[in-house]
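K.L.:
Structure below; questions to follow.
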Amino acid sequence: MSWDQVWIDVNVATMDPSISAPYGAITHAAIAVKDGKIAWLGPRSELPAFDVLSIPVYRGKGGWITPGLIDAHTHLVFAGNRANEFELRLKGATYEEIARAGGGIISTVNACREADEAALFELGRQRLNALAKEGVTTVEIKSGYGLDTETELKILRVARELGKHHHVDVKTTFLGAHAVPPEYKGNSDGYVDLIINKMLPAVIKENLADAVDVFCENIAFNLEQTERVLSAAKAAGLQVKLHAEQLSNMGGSELAARLGAKSVDHIEYLDEAGVKALSESGTCAVLLPGAFYFLRETQKPPIDLLRQYGVPMVLASDFNPGSFPICSTLLMLNMGCTLFRLTPEEALAGLTLNAAKALGIEDKVGSLVVGKQADFCLWNIATPAQLAYSYGVNPCKDVVKNGKLVHQ
């Protein structure tokens, strides 16, 4: 057989739902890669003969291979920090109180408006490197810290450049509707007009976004405004998604389902009607345990209802300067299990196959199947559950991206 590389002495958590074993596991397995894709996958005993002297053969020493991790919700490109707000919250101030007083998102907006693209790129590169070392091979990056045309474009350009200069694939999301900027205080409808009539066309002209997002919440944008932005995005051929039901239930999830959104994110206050709507539309539920933890929230997402209705559950870091400034995707496995009571298998699916669904790329990545992109990680673990069970010593040994060994 003519392959580019072969991996043997491994166990594989394929996350392929057509395999009935937990994690879609194949033990004592082998993987062959050709032209950046998985060319063969199965038990080592069934691997066709090949010339071991002509291609690289990697021995996994009994470790586990999983699909490359996918972080489907980050705000990775930003300047400044909000450590002072961290102190205020610990003294009793709420996230909403800080935002209404001009802190929160707006303080980061001011820092991003002042930063140039080179500075933002370097900050983003360092953060992307940190995620890559944890086995992340695809990441979504949102804008939303500009809130004017120039800075929103600047953030999205930086995100696109990161994808061009890093082995991690970057999917970009335009989140101009993240908050109402100070210059539009008391005129949120006017700002929505700006998003639709000026910002979005500029984003589309430069091909800077794969999707459009809106923060649908009392402190941000109402249902009517949210629908206006997302409808304009859909009309332009972009995917849509939504921050919703984080602080209250405004019915954003039902709106997202009606619009065919790829995902609804946060959803702590999601009710059964919203869950049913997501199930019927095939919209993913993105769980963000890091923000739940960091903000010391008490309202948990309706995990049992999501299971009951078969809604794909995604885990993501929500890495951002305000509600989760901890740059770790791997930590979400443990948090998803301990805080939201996911099983380790559900948690891993949330960072692989279901995360790919949330980004609309499940035909290429998210599970290990012949013909899909060869994005995978070798972990120094005895069982896949160990990824969720333990944290602190990074067990990621090797990372393959598009068939190339990029981290060893």
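Backbone N, Cα and C atoms are what each Cβ position is placed from, and that goes for glycine too.
The feature Zn(2+) binding site is assigned by Swiss-Prot to HIS73, HIS75, HIS243, ASP318, with sequence analysis given as support. The Fe(3+) binding site annotation in Swiss-Prot covers HIS73, HIS75, HIS243, ASP318 and is backed by sequence analysis. Here Swiss-Prot flags ARG82, TYR145, HIS178, GLN246, SER323 as 4-imidazolone-5-propanoate binding site, drawing on sequence analysis. If you look up Swiss-Prot, you'll see TYR145, ASN320, GLY322 marked as N-formimidoyl-L-glutamate binding site, on the strength of sequence analysis.
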K.L.:
Look at the binding-site residues HIS75, ARG82 and tell me which residue has the greatest number of other C-beta atoms within 10 angstroms of its C-beta.
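P.N.:
Of HIS75, ARG82, the one with the most crowded Cβ is HIS75.
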K.L.:
What are the sequence-distant neighbours of GLY322 (N-formimidoyl-L-glutamate binding site), meaning same chain, six or more residues apart, C-beta distance under 8 angstroms?
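P.N.:
In sequence order, ARG82, GLU85, TYR95, GLY104, ILE105, THR108 meet the Cβ cut-off.
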K.L.:
Sequence gap of 6 or more, C-beta under 8 Å: which same-chain residues meet both conditions with respect to SER323 (4-imidazolone-5-propanoate binding site)?
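P.N.:
Set apart from SER323 (4-imidazolone-5-propanoate binding site) by at least 6 residues yet with Cβ under 8 Å, we have TYR95, GLY290, ALA291, PHE294, LEU295.
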K.L.:
I'm trying to understand the geometry here, so how far is the Cα atom of HIS75 (Zn(2+) binding site) from the Cα atom of ASN320 (N-formimidoyl-L-glutamate binding site), in Å to the nearest whole number?
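P.N.:
HIS75 (Zn(2+) binding site) and ASN320 (N-formimidoyl-L-glutamate binding site) have their Cα atoms 5 Å apart.
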K.L.:
Where HIS178 (4-imidazolone-5-propanoate binding site) and HIS243 (Zn(2+) binding site) are concerned, what is their Cα separation in Å, rounded?
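P.N.:
Rounded to the nearest whole number, the Cα-Cα distance is 9 Å.
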K.L.:
I'd like the number of other C-beta atoms within 10 A of the C-beta of TYR145 (4-imidazolone-5-propanoate binding site), please.
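P.N.:
Around the Cβ of TYR145 (4-imidazolone-5-propanoate binding site), 31 other Cβ atoms lie within 10 Å.
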K.L.:
I want to verify one value. Collapsing DSSP to three states, which class is GLN246 (4-imidazolone-5-propanoate binding site)?
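P.N.:
Note: GLN246 (4-imidazolone-5-propanoate binding site) is coil by DSSP, not helix or strand.
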K.L.:
Between HIS243 (Zn(2+) binding site) and ASN320 (N-formimidoyl-L-glutamate binding site), how many Å separate their Cα atoms?
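P.N.:
Taking the Cα atoms only, HIS243 (Zn(2+) binding site) lies 14 Å from ASN320 (N-formimidoyl-L-glutamate binding site).
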K.L.:
Restricting the comparison to the binding-site residues HIS73, ASP318, ASN320, which residue's C-alpha is spatially nearest the C-alpha of TYR145 (4-imidazolone-5-propanoate binding site)?
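P.N.:
Closest by Cα: ASN320.
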K.L.:
Once the chains shown are all counted, how many other Cβ atoms turn up within 10 Å of the Cβ of HIS243 (Zn(2+) binding site)?
P.N.:
30
K.L.:
Among the binding-site residues HIS73, HIS178, point out the residue whose Cβ has the most other Cβ atoms within 10 Å, with all shown protein chains included in the count.
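P.N.:
In terms of Cβ crowding, the pick is HIS73.
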K.L.:
List the Cα distance (Å, whole number) between ASN320 (N-formimidoyl-L-glutamate binding site) and HIS73 (Zn(2+) binding site).
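P.N.:
Just about 10 Å between their Cα atoms.
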K.L.:
Apart from HIS73, HIS75, HIS243, ASP318, which residues in this chain have a Cβ no more than 8 Å from the mean position of the Cβ atoms of those residues at the Zn(2+) site?
P.N.:
THR74, LYS142, ASP265, HIS266, LEU288, ALA291, ALA316, PHE319, ASN320
K.L.:
Give the maximum pairwise CA distance in Å, whole number, for the residues TYR145, ASN320, GLY322 listed as binding N-formimidoyl-L-glutamate.
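P.N.:
Between the outermost Cα atoms of TYR145, ASN320, GLY322, the distance is 11 Å.
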